[in-house]
Protein chains: 2
Amino acid sequence: MQRIFEIDPWKVITHTFDQKSKRLQESMTSIGNEYMGMRGMFEEQYSGDTHKGIYLGGVWFPDKTRVGWWKNGYPEYFGKVINAVDFVSLDIKLNGQSIDLAKDKFSDFELCLDMKTGILSRKFVIQRADCQVAVTAQRFVSIAQKQLYANHLEFKNLSAQPVSLEIDSKIDADVFNEDANYDEQFWLVQAKRSDLTSGVLVAKTKPNNFGTPEFTTEMQMSHQTSLQAVPAVESEKAVVNRFIGKLMPQTDKAFEKRVIVTTSRDYATSMAMDQATQQLTDQILQKSFVELKAAQETAWAKRWEMSDVAIQGDVAAQQGIRFNLFQLFSTYYGEDARLNIGPKGFTGEKYGGATYWDTEAFAVPLYLALADPQVTHNLLEYRYKQLPGAYHNAQQQGLKGALFPMVTFNGIECHNEWEITFEEIHRNGTIAYAIFNYTRYTGDHEYETHEGFNVLTGIARFWADRVHYSKRKQCYMIHGVTGPNEYENNVNNNWYTNLLAKWVLNYTNQVAQRVDPTKLKELNLTDQERRKWHEIADNMYLPADKELGIFVQNDDYLDKDLTLVKDLPQDQLPLNQHWSWDRILRSPYIKQADVLQGIYYFIDDFTQEQKERNFDFYEPLTVHESSLSPSIHAILAADLHKEAKAVEMYQRTARLDLDNYNNDTKDGLHITSMTGSWLAIVQGFAGMRVRQGKLHFDPFTPKNWDGYRFHVNFRGRLLKVTVNKQATKIELLKGEPITIELHDRQVALTLKEAK
Amino acid sequence: MQRIFEIDPWKVITHTFDQKSKRLQESMTSIGNEYMGMRGMFEEQYSGDTHKGIYLGGVWFPDKTRVGWWKNGYPEYFGKVINAVDFVSLDIKLNGQSIDLAKDKFSDFELCLDMKTGILSRKFVIQRADCQVAVTAQRFVSIAQKQLYANHLEFKNLSAQPVSLEIDSKIDADVFNEDANYDEQFWLVQAKRSDLTSGVLVAKTKPNNFGTPEFTTEMQMSHQTSLQAVPAVESEKAVVNRFIGKLMPQTDKAFEKRVIVTTSRDYATSMAMDQATQQLTDQILQKSFVELKAAQETAWAKRWEMSDVAIQGDVAAQQGIRFNLFQLFSTYYGEDARLNIGPKGFTGEKYGGATYWDTEAFAVPLYLALADPQVTHNLLEYRYKQLPGAYHNAQQQGLKGALFPMVTFNGIECHNEWEITFEEIHRNGTIAYAIFNYTRYTGDHEYETHEGFNVLTGIARFWADRVHYSKRKQCYMIHGVTGPNEYENNVNNNWYTNLLAKWVLNYTNQVAQRVDPTKLKELNLTDQERRKWHEIADNMYLPADKELGIFVQNDDYLDKDLTLVKDLPQDQLPLNQHWSWDRILRSPYIKQADVLQGIYYFIDDFTQEQKERNFDFYEPLTVHESSLSPSIHAILAADLHKEAKAVEMYQRTARLDLDNYNNDTKDGLHITSMTGSWLAIVQGFAGMRVRQGKLHFDPFTPKNWDGYRFHVNFRGRLLKVTVNKQATKIELLKGEPITIELHDRQVALTLKEAK
């Protein structure tokens with residue numbers, strides 16, 4: 001645990017700057033608007049260790065990096081998020097010497113990400129022998145105008161002498177990825193032009209041999225300042241504008257950079273992109289920085305109005321949930337149906353690709369409750385559109401049906417570790433589960449029986465081909481998988497995977513009864529095939545241990561040395577930073593909910609005793625080293641009225657990055673798991689479920705909280721739920737009257753205004 | 001199967017040239033002398049698909065190529081064989097146009113690798129409108145003078161008009177590896193100098209961040225020809241000598257290139273290397289090509305005298321065994337104790353590193369019988385010298401003791417697939433077994449109780465830490481391994497691995513009784529630790545199935561779909577070219593002997609029924625897609641008097657590359673498995689064993705052979721064994737009288753001359 005920012009309900013703020021924590025600071029102060037985003041690196045030169053990262057949604061490169069012994073079915077390329085052309089960097093000189101907080105003496109430092117508005121600001125006073133200058137900087141990527149990045153700086157001379165100020169403002173294609181092997185670069189400059197106060201750079205991703213799209217990006221910078229524009233020396237890969245001026249004692253000067261970023265994802269031709277870029281630049285130039293900022297503030301206020309979770313009596317927890325929602329919405333707010341929710345968002349490069357099962361498993365429930373149903377519908381459609389890729393993936397493995405990828409940009413598997421891509425196939429169950437979840441929550445069967453049914457059929461066909469029949473044990477088995485617990489690889493009969501496979505076959509068969517016969521025909525789905533699905537589902541092996549009364553995570557698991565986590569030397573944790581991969585794989589330690597993930601999905605289908613026995617067996621063996629782990633445990637613990645455990649788990653998920661729990665936040669934030677704190681509060685503490693089309697709550701208030709309040713959208717209604725130790729109040733803020741269940745009581749809700 | 005060369009007892013010869021098989025042709029006509037070697041690419045320009053490959057023993061590069069998600073314990077670099085500076089290429093022009101067999105019309109083609117002498121020769125007649133020229137080329141790397149490459153060409157003008165001839169002879173550092181990801185290059189030119197008829201190029205491997213050695217190589221070329229030397233245009237990375245002349249009708253001209261290749265492996269300073277290179281060049285210039293060739297022929301004749309296996313009545317089989325011995329000795333003949341036996345030798349780049357467990361498992365028994373004991377001793381010493389690396393490898397995995405690497409140049413693991421490097425730990429058992437095997441064969445306990453005991457102790461300590469105790473099953477287990485059958489990964493309780501671990505603990509304990517007490521002290525080996533080894537060995541889990549009467553390959557294996565190989569659609573074979581890795585891993589199909597490898601190692605410790613039951617169960621599930629597979633099966637089949645099966649297996653190993661059985665010989669030859677045909681004849685057909693210090697034979701003659709004859713060295717004696725359908729004759733050619741066993745009869749042998 002490492003906390004470098006102060007506790008504050010709405011701000012990520014610090015008044016100290018530690019060079020050793022620079023990357024962590026950068027991750028924590030990332031900003032984004034779904035379309036683009038960036039880490040919190042300083043605008044000006046910084047000679048210390050730093051990770052400059054700017055990323056554009058949907059822009060990637062298929063990297064050929066073969067090592068080891070290639071085998072049939074391996075994905076041809078490793079799809080990676082690439083660092084965008086750098087439109088942020090400035091070089092700011094005072095009396096001819098660059099400001100560089102790694103070298104300069106400075107005072108009055110403040111760094112603040114305002115989560116209410118999405119504006120990142122910074123203040124410091126440069127203390128040099130020849131000058132003393134106060135600098136303030138603000139920047140944001142606009143959620144009101146997605147192509148806009150705005151950066152405003154002020155310089156105040158606190159010295160008795162005049163100070164010369166010189167700023168080089170750049171758009172620079174000379175960028176690298178952190179994970180490059182040979183310092184390879186991905187952007188080729190296509191065009192550059194500049195005048196004294198503005199510049200344009202067009203760059204294209206270098207050609208690739210895999211037939212995936214090449215991307216072009218155009219960036220136009222413009223400036224507002226009373227400094228004087230003078231000719232600048234440009235390099236081959238950058239456009240530069242230079243501004244100079246004299247800061248008289250006790251006076252200040254402002255400098256503002258605006259950049260419009262467009263990409264070929266939105267424009268069919270370079271001419272159209274040129275025109276749009278110019279037009280957007282013209283538009284924003286008609287507005288002041290204050291106006292641009294106001295639009296940003298208004299847009300964020302609207303988001304918070306719908307989604308804010310208020311916690312009384314625990315500011316740290318309050319900051320945690322807001323930070324998570326802020327970063328999640330900065331990554332994805334459902335505005336571009338071609339995008340998805342990358343696990344690192346715009347905060348780092350780790351994990352390569354854009355889309356993981358995290359979306360369906362952890363993000364869908366949140367977006368269902370906090371956004372218009374169309375947003376979740378878009379997430380489902382995203383997979384439907386990638387169904388041809390999923391068929392391709394299954395075919396690559398010699399299997400029928402559709403296998404949705406573990407990591408992808410385009411539907412084709414683009415990660416390269418067989419134990420993940422070939423074996424972590426439980427993801428395919430979760431793609432189906434999200435359709436079920438959407439349908440259950442919205443009550444809308446339209447998707448499930450149309451596009452959704454194509455997806456379900458593809459997935460069911462995959463499972464029906466992926467099982468094998470064991471003559472010895474007289475049942476269907478699934479060998480060679482990796483469960484959600486990635487601390488085991490290539491196991492046999494992972495209970496969770498087998499459960500999901502069985503469930504998909506049954507669910508698809510059920511939905512088949514409701515779809516139009518022409519759809520069955522179109523999909524060539526015969527009664528014979530459906531009977532086979534039944535037979536497999538009915539005879540699926542689900543490992544269990546009678547003596548212990550538990551489901552068994554996978555074959556041989558109980559043969560391990562089952563020392564509990566609490567009995568390990570605590571300096572060995574987190575295991576993934578202290579143990580070799582070999583040792584981890586052989587250990588019984590569970591990275592994230594595995595059997596318990598299955599119990600979570602179908603929580604109403606198990607007896608309290610089943611849930612309790614499994615929780616009590618597996619949780620003490622779980623190290624929660626995936627950021628996706630604590631939330632599921634919080635929900636189950638709450639369900640089992642283990643309130644202390646639920647709160648402990650909530651605390652790990654809520655401030656995972658704020659407190660750098662897993663000691664890896666410097667690589668970027670754990671975006672998709674940021675849904676976890678919301679799930680823990682709403683599905684955990686408040687016990688929200690949907691049962692037979694009815695919303696159900698069973699809330700409690702954690703001991704150290706006074707109370708909490710949240711909103712949910714449900715079937716055209718907006719509900720406000722207020723919980724404290726005395727009572728739970730549920731109000732209908734919008735929509736038709738509705739009856740919900742509270743602690744097994746039926747409560748009829750009508751609009752207050754209607755009363 | 002694809003046979004592109006003719007059947008011949010001593011030659012790899014063809015009179016046709018098919019561009020589509022160029023790479024296969026190149027692999028098959030590789031030559032080497034342990035110090036250096038090369039594929040059979042043409043000297044002159046060739047614009048078609050080709051794989052130029054020249055390699056220097058012990059010269060490599062640590063490549064940083066990270067993809068996927070790095071985990072603790074992963075090797076830092078991927079060690080790879082790098083293509084050497086090209087000293088072979090010529091550009092030969094007739095009337096100003098380069099000879100290029102991909103484009104030129106030609107006749108009378110012959111390509112011949114003479115295995116008796118190690119000389120590669122080629123003939124063809126260029127048929128152009130403006131000329132008709134017969135070309136002959138011969139080349140070899142000398143086993144009499146390891147630094148020497150010699151290339152002799154003759155050109156005869158068959159036309160009625162004069163033909164102009166121009167030859168550019170090069171040393172060129174502008175080379176790439178086949179497996180490069182980004183066309184990265186590894187050689188930096190350090191120095192170049194040339195006069196009209198000779199040239200020198202010094203190149204150094206580029207710096208690396210891993211602290212492994214950088215290598216410098218110096219190459220000096222000289223020429224003998226009546227052609228006229230003229231100034232040549234040189235490029236930045238190459239030295240070139242140009243020769244021109246006029247070929248009058250019906251006359252010929254000869255051209256000869258000699259290259260001396262030295263490396264920093266042999267010289268401490270560049271000055272010493274310079275001097276040596278010049279001195280060696282001066283020496284060879286005093287000899288004619290005929291003399292240089294004669295030395296080569298004499299040296300090979302000596303090797304064959306000791307090792308030739310003669311087969312009567314089957315020329316294809318005869319060619320097979322000679323090809324294998326020829327290529328094996330071209331790769332390694334025990335002359336440099338710092339080298340080992342790479343699985344592709346000098347014939348390709350696949351598999352990266354230099355040293356595999358193949359050496360101990362498959363090559364040691366052959367070198368024990370065919371070479372001076374010192375050669376095998378060197379192979380053992382090689383591991384002893386790398387013991388610190390083995391301790392490092394174990395430590396990387398958080399384990400005690402020593403783990404010898406799967407792939408290495410320097411003792412440090414340098415391959416990068418966890419399922420291989422972390423899990424295929426059975427190799428550690430074989431390193432110990434080789435010590436046992438050497439001791440059993442030679443009767444010399446010196447190594448076993450001195451350096452060898454350090455190795456054994458390191459390995460025993462590794463196993464003692466790598467096991468875990470299963471409370472549930474009340475025994476020691478080894479989870480998370482990959483057995484010799486690499487078609488399963490990350491399995492639990494691989495019988496072979498567990499057997500070897502148990503055996504190592506017992507063997508080390510036995511040897512401990514014989515070593516000097518000071519050695520025990522030096523190794524800090526206490527009675528307590530030795531008791532622990534006993535306890536583990538006594539309680540090691542060795543999976544078995546009583547009903548089937550077999551040892552079980554690993555946990556869960558019998559749950560698979562156990563369809564036999566013969567019942568698979570035959571167009572699916574080889575599986576590794578038709579099935580995805582996922583499908584292969586889940587299948588029951590065995591790549592190479594696994595349980596049967598264990599039975600082979602300890603063949604006298606099992607009952608005939610045990611051997612038979614296991615062979616009959618596992619062989620029908622084995623696809624033999626490792627080149628290391630058929631030989632072990634041939635030996636066991638012979639042991640079980642399944643003669644037809646033994647012969648079938650022999651045929652797969654003997655002509656594996658000659659007939660391109662696995663359809664991958666274009667990537668290079670299967671060098672280490674070339675021991676297999678010899679093992680199949682000697683340990684299989686002839687039933688050679690060492691029992692209680694006595695050599696034992698139990699020979700039979702395959703049906704379609706008339707007979708066979710081979711030599712073995714054993715404890716200072718040279719024996720000649722002649723087998724045919726009537727009788728077996730064993731003669732003592734050298735050494736003291738000895739008693740051997742033939743079909744359970746004691747036979748006293750004395751020197752013929754002594755009679």
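Keep in mind that glycine also has a Cβ here, set from the backbone N, Cα and C atoms.
Bear in mind that TrEMBL entries carry predicted annotations, made automatically and left uncurated.
Here TrEMBL flags A:Glu486 as active site, proton donor. The 10 Å shell around the Cβ of A:Glu486 (active site, proton donor) contains 21 further Cβ atoms across the protein chains shown.
When other Cβ atoms within 10 Å of the Cβ of A:Lys591 (substrate binding site) are tallied across all protein chains shown, the result is 22. Residues or ranges marked as substrate binding site by TrEMBL: A:Trp357, A:Asp358, A:Lys591, A:Gln592.
Taken from TrEMBL, the feature domain 'Glycoside hydrolase family 65 N-terminal' covers A:14-265. Across all of the domain 'Glycoside hydrolase family 65 N-terminal' (A:14-265), the predicted model scores a mean pLDDT of 95.
Marked as domain 'Glycoside hydrolase family 65 central catalytic' by TrEMBL: A:322-678.
What TrEMBL lists as domain 'Glycoside hydrolase family 65 C-terminal' is A:688-749. Per-class residue totals from DSSP over the domain 'Glycoside hydrolase family 65 C-terminal' (A:688-749), listed helix then strand then coil: 0 helix, 40 strand, 22 coil.
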Cβ neighbour count (within 10 Å, all chains shown) around A:Asp358 (substrate binding site): 24
Remaining residues near the recorded substrate site, that is with C-beta within 8 Å of the centroid of the site residues A:Trp357, A:Asp358, A:Lys591, A:Gln592: A:Tyr356, A:Ala361, A:Phe362, A:Pro484, A:Glu486, A:Ser626, A:Leu628, A:Ser629
Rounded Cα separation (Å) that holds between A:Trp357 (substrate binding site) and A:Glu486 (active site, proton donor): 14
Mapped DSSP class for A:Gln592 (substrate binding site), helix or strand or coil: coil
DSSP-derived class (H/G/I helix, E/B strand, else coil) of A:Asp358 (substrate binding site): helix
From A:Asp358, A:Lys591, A:Gln592: binding-site residues whose CA lies within 10 A of A:Glu486 (active site, proton donor): A:Lys591, A:Gln592
Recorded substrate site residues A:Trp357, A:Asp358, A:Lys591, A:Gln592, farthest C-alpha pair in Å: 16
Structural state of A:Glu486 (active site, proton donor), classified by DSSP into three states: coil
Cβ atoms near A:Gln592 (substrate binding site) (within 10 Å, other residues, all chains): 24
